[in-house]
Each structure stands twice: as structure tokens, then as C-alpha cells.
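Below is one structure, written out as C-alpha cells, with a few remarks after it.
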Amino acid sequence: MAGLQRSTISFRRQGSSGIVWDDRLIAELSQQAANDRKGETLQQDEQAKLITSEVQDQTTKPIAGEGLKPIRTDGGMERSRSNGGGAIRHHRNTGRVSPAVDPPSPRLSAFGCCSAFGKKQPGKKVNQRKRPAKRRSR
């Protein structure tokens, strides 16, 4: 039994979804993802170098339009968090909504024997037999 070896080509795994995964395919996908991450970091490093060099170039060059006034971009109305300012929202804001509350269960007696064993409501008094009023002697 010690002489048996697993073939790297024919070995497969079956996932929880029932899809059969080939280990070779999984290895290729993980290598490709790692290479993509390395490529992205190299591109980000190059972009950062370009941006820093552009900033250095701009500081040494004179600005062509020094006499121009800046464009005023503020609107006539300022917004605070309470009237819709702040974070960008892509949904309709309807205000605060209270959480859903389950309605109380109905108090129904289905059968006589079931109502005999049921709990009494705390607000209701037990019906007692009315006794006749005591007569006063004259």
C-alpha cells in the first residue's frame, strides 16, 4: 500500500455545491490572482512616482493665469446632516422607522376543556356568585 501515489492530473475534488474542481485549475487560478495583485501594486507605484514628479514640476513652473479670480462653487443653500447634507445617499430617506412589533396573540377559547386549563388574564377578575344583600333588622 505504501507504493501507491496519487496522480496530479486525475485527482479531483467535489465541493459542497456538487461542482467537481480540478486541483490543477485551482492552482492556476491562485497563481493568476497572485500575479494580478503584483501587477496592480507595480502600477500603483508607477502612478505614485508620476504624481510626485508632476507636483514637483508644477511647483517650479510659473502659473500662467495668476491674475484670474477663482470660480465660486458654493451654492446659495448650505446643507447640514439634518437636511440631507453629509454622506452621499443613493436611496430615498424616509426618516426613522420603528421596528416591527408582533401583535399580541388573540385570547380565544376553542374548547371548554382547553379554557379550563388556560391562564386567566391579569386584568380580569374571576366572576363570583353574587350573594344577596344582608337585611338590616329594624
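In case you wondered, yes, glycine gets a Cβ from its N, Cα and C as well.
Taken from Swiss-Prot, the feature compositional bias 'Basic and acidic residues' covers 69-81.
Annotated compositional bias 'Basic residues' per Swiss-Prot: 121-138, in sequence order.
DSSP assigns S98 (phosphoserine) to coil in the three-state reduction, placing it in neither a helix nor a strand. Under a cutoff of 8 A between CB atoms, and with a sequence separation of 6+ in the same chain, S98 (phosphoserine) has no neighbours. Marked as phosphoserine by Swiss-Prot on the basis of a large-scale study or a structure entry: S98 (among others).
According to Swiss-Prot, the feature phosphoserine maps to S105 (among others).
Marked as region 'Disordered' by Swiss-Prot: 52-138.
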